[in-house]
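I have placed the structure first, in the form of structure tokens, so that the comments after it can refer back to it.
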Protein chains: 4
Amino acid sequence: MANSRFEYVKDFEQPDVLLPNTWIVVRIDGRGFHKLSDHYAFKKPNDRRALDLMNEAAVGVMKDLPDLCIAYGVSDEYSFVFHPTCQLFERRNAKLVTTIVSTFTAYYIHLWSKYFPSSSLQPPYLPSFDGRAVIYPSSRILRDYMSWRQVDCHINNLYNTTFWTMVLQGGMSNTDAEQELKGTVSADKNEILFKRFGINYNNEAEIYKKGSVLYRQYELEEPRSVHPPAEEEASPLDSKQSRSQQDKLKKLRRKAQVVIDHVDIIKDGFWERRPWILSNKPGTLPVEA
Amino acid sequence: MANSRFEYVKDFEQPDVLLPNTWIVVRIDGRGFHKLSDHYAFKKPNDRRALDLMNEAAVGVMKDLPDLCIAYGVSDEYSFVFHPTCQLFERRNAKLVTTIVSTFTAYYIHLWSKYFPSSSLQPPYLPSFDGRAVIYPSSRILRDYMSWRQVDCHINNLYNTTFWTMVLQGGMSNTDAEQELKGTVSADKNEILFKRFGINYNNEAEIYKKGSVLYRQYELEEPRSVHPPAEEEASPLDSKQSRSQQDKLKKLRRKAQVVIDHVDIIKDGFWERRPWILSNKPGTLPVEA
Amino acid sequence: MANSRFEYVKDFEQPDVLLPNTWIVVRIDGRGFHKLSDHYAFKKPNDRRALDLMNEAAVGVMKDLPDLCIAYGVSDEYSFVFHPTCQLFERRNAKLVTTIVSTFTAYYIHLWSKYFPSSSLQPPYLPSFDGRAVIYPSSRILRDYMSWRQVDCHINNLYNTTFWTMVLQGGMSNTDAEQELKGTVSADKNEILFKRFGINYNNEAEIYKKGSVLYRQYELEEPRSVHPPAEEEASPLDSKQSRSQQDKLKKLRRKAQVVIDHVDIIKDGFWERRPWILSNKPGTLPVEA
Amino acid sequence: MANSRFEYVKDFEQPDVLLPNTWIVVRIDGRGFHKLSDHYAFKKPNDRRALDLMNEAAVGVMKDLPDLCIAYGVSDEYSFVFHPTCQLFERRNAKLVTTIVSTFTAYYIHLWSKYFPSSSLQPPYLPSFDGRAVIYPSSRILRDYMSWRQVDCHINNLYNTTFWTMVLQGGMSNTDAEQELKGTVSADKNEILFKRFGINYNNEAEIYKKGSVLYRQYELEEPRSVHPPAEEEASPLDSKQSRSQQDKLKKLRRKAQVVIDHVDIIKDGFWERRPWILSNKPGTLPVEA
């Protein structure tokens, strides 16, 4: 082949396979969304249309990639989770991350006009996202990762809600509000909201307080420990399933509806009633009414 | 901070900084474009609209990222090249790759209706791209990489042109055409085109035969060796330029027009007349008429 | 500092920290030991002096590095295991591997004359070892790794014992023995040994059949499941122990004697009676007589 | 094979091939040599026996590994350099580093009694070394790395010489000497040595001031630029040499004597007269008298 003289350059591509039997989290973040949200006049502190757009794009990703078992989104970021037994793209890092980033971007741009019908996209103000993969060796740590993001959601939303209420309803300057909030704890912010503005933070919409969690919907199960003995967990043999078994599971997962929930994922309850998320074994499809 | 209990999960993120003073090539590829091009009825063997869309999306990426010094596209793939002195995102692999993949996807989806006004995008048939970064330690090898892609373009285009002419004009079945072309060399395909269909392959459009090369336009220079003595090449000190110097260069690069060319990039001529591509030192802006 | 002009070269050193909360196995192998064992006339199929030398060198490594929780040796290879909570050298790959390889080599050369008093070392026939680190995400997989090595020991030793008995006692040529053994299973080899040479393989020395396992000795415990619920296993907080706690544990580990055992490490029994190996929590020191 | 059930654990070994066509430097460092040099009473500021031992061990490594083109040692550290075309161990990082660390350690321990006949090695005070590989994309940067180490040698030796002269000849306490030297520049230290102790630093032994450089000896050549045009440098095709060509070169390299020099390697002169070091093409063997 005439091309062979130059083909040695392929030797410079370095393998990037992620360690087997570990959870893979791909987290993506909006690039320059601060400037972007100004340009397209997103509402403060939360723009419901922007969040719904994020969520629908994420549902699109979940449907395109049935290997994903759960996703969690807040603000302009989204985390997508692959099970330790996942063999998609032979677990190649760049392939997994770029596929998710690109698919998400494609949905986001494609769906934009549905959520922002009156402000069309104008280059160079095109929304885009960067991403990275991180691996976690156990379910315990994966759950701590998810908790980390939800706690972050809470902390940021309480701050933003208070800040923007002080500015928009209280007429304070950005600088003054920022200054007053410096060093405050949660209780202080709750009090500012309640005492000055009559706002009970607990009554804020769940989507703002809890973020959005996406998963495939099966019949909820009776709570039982989600932590099987270690020897059952992440059994390496699962990743050696026959191709046909894997395809069968993939089909089952495709059948399940992807739901968008705004609930606590820090406590055990969420995971105990939805054991299929950590086990990756499809549950019982809900009986349709 | 209430979050600290879970923050240890950040320790699992592993650094992915690319080796300093090496060329970075980010190559992206359309995902499932075979199926996609059927779905949206791309013309065979080349769909000019699809190529123009790829090119305009790539120009968008070049404009958004002035650190890019050259890009080369063919079919549904594009290679974007950063100079060895590039410090963008501290040379973090995932950040560089995902930014390019996402920006490209955003432009591609956004510009789709301009090039395919009569066939609107329908999920799940949304175009998306995957990508990877590869580093090359010298200009010589970077040029061999570019040559590799252009030779590949030539080989594939000659094959596809012959194959589709045999099918579309010659009325052969796909299988028969494939069978006949098995084992043929370039000369054979040229002859089939000429003898049977009166087509001189040399007269085919340059964009199909050569692919598309994108770079910033300055005044062409008198050819001289593009290979400075090794001690000048990729001087490590360049990457230690002051921030203000870098910003100045970035501004100069932004001013230059990004052009789309369909020319030979294998021979020295292209590089000798455009020394700014390998040196990364902006040339002289053309005098406007 | 006069040196600063060149100090940029340090930026080329790339981080190599191993993923947190995973088991680290450093396996070392003798380099060219086939030739070496000929040169120094090691006995076939097993040279007890050579194995004892390997074992004493490994004990030296275990004593120098109290972070090691277990080691397993067979022939000219040794596997050293660090616990998921290990923070030694900030878990830097090269540092961990080279320290073990170098310390082992130092002991091996230093102790050589004790085990081979009549054949002194002659360059370039100096024994040396290469090594690599592999990480495993769960205790289950770590144990499978250990089982893999012990099964390998068994398979190789049965083969070698049969082969060398056929050659040394049976007077066969190497080629003939090799030829006859091709395709045989364990039962065949056991039969050859027994029928032709009256050797019951089961009566061979345990060190040859089982290899050598090294660990710190505490009071054996009543068997109980070694697999705690997953939420207890590899608790990430363990790795966040205070420096003083870690130092205290390190001291306790130093006090324990390192023993050399030749027992089954595939079944649960070994691990259940020595829970400190997987838990990394020092047990009760044996009461001295 | 009975072993197959556990063999999946091999999938956890991750590739670590170093980027092609780059210089590989393996630097090793003595572990805890401060304590060790006290224990074995090394002379201050330099112990000639200890340096000669380091050098003879390094010569052993150079002879064992003909792929090495140069090495540089100072104090208890040594840097070994492989050419960009090196294919040894398929350029696997761990294999290259551990082989050098282990071979060096083996020689060091083996040769100890030759240089320290009256103080025999006593565990746990066995000398050992750690190491790491770093890759450099061009000859220019490789030379800057070498310069960095030699400048470091100079700075440290000037400091140590001054410090120990103040303590040993001047009768100062360690603390006082340290205090007085804080913030001084080279000229200050030269003056202290000369004015107070009549020592002209320039007359110190070259091995202390310049460190030790090891390379294969061929006929010196007339100085000419060591920097060939970039297109000649590190030609990727060199690494594609036929196996037989490589073996021939390896043999030629084995024939050359490894010399220990104490000369300036920062200026061009050293490299220009020994072009074989950077080109990796064996020179002319000296005519023996």
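Glycine is no exception: its Cβ is also placed from the backbone N, Cα and C atoms.
What TrEMBL says about this one:
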{"type": "BINDING", "residues": "A:Asp29, A:Gly30, A:Asp76", "note": "Mg(2+) 1 binding site"}
{"type": "BINDING", "residues": "A:Asp29, A:Asp76", "note": "Mg(2+) 2 binding site"}
{"type": "BINDING", "residues": "A:Asp29, A:Gly30, A:Arg31, A:Gly32, A:Phe33, A:His34, A:Ser75, A:Asp76", "note": "GTP binding site"}
{"type": "DOMAIN", "residues": "A:6-137", "note": "domain 'tRNAHis guanylyltransferase catalytic'"}
{"type": "DOMAIN", "residues": "A:141-267", "note": "domain 'Thg1 C-terminal'"}
{"type": "REGION", "residues": "A:224-250", "note": "region 'Disordered'"}
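Within 10 Å of the C-beta of A:Asp76 (Mg(2+) 1 binding site) we count 20 further C-beta atoms, all protein chains included. Geometry remark: A:Asp29 (Mg(2+) 1 binding site) versus A:Ser75 (GTP binding site), CA distance 9 Å.
Of all the binding-site residues given, namely A:Gly30, A:Gly32, the one with the smallest number of surrounding CB atoms inside 10 A is A:Gly32. Counting other CB atoms no more than 10 Å from each candidate's CB, the binding-site residues A:Arg31, A:His34 peak at A:Arg31. Same-chain residues with CB within 8 A of the center of the A:Asp29, A:Gly30, A:Arg31, A:Gly32, A:Phe33, A:His34, A:Ser75, A:Asp76 CB atoms, the GTP site residues themselves not counted, are A:Leu36, A:Ser37, A:Glu77, A:Phe129. Here the binding-site residues are A:Asp29, A:Gly30, A:Arg31, A:Gly32, A:Phe33, A:Asp76, and the ones sitting under 8 angstroms from chain B, going by CB atoms, are A:Arg31. Taken together, the residues in the domain 'tRNAHis guanylyltransferase catalytic' (A:6-137) have a mean pLDDT of 97 on the 0 to 100 scale. In the three-state DSSP assignment, the secondary structure recorded for A:Ser75 (GTP binding site) is coil. Sequence-distant contacts of A:Phe33 (GTP binding site), defined as residues of its own chain at least six apart whose C-beta falls under 8 angstroms from its C-beta, comprise A:Ser75, A:Asp76, A:Pro127. According to DSSP, A:Phe33 (GTP binding site) sits within a helical segment. Residues A:Asp29, A:Gly30, A:Arg31, A:Gly32, A:Phe33, A:His34, A:Ser75, A:Asp76, recorded as binding GTP, reach a greatest CA to CA spacing of 13 Å.
Counted with DSSP, the domain 'Thg1 C-terminal' (A:141-267) comes out as 75 helix, 12 strand, 40 coil.
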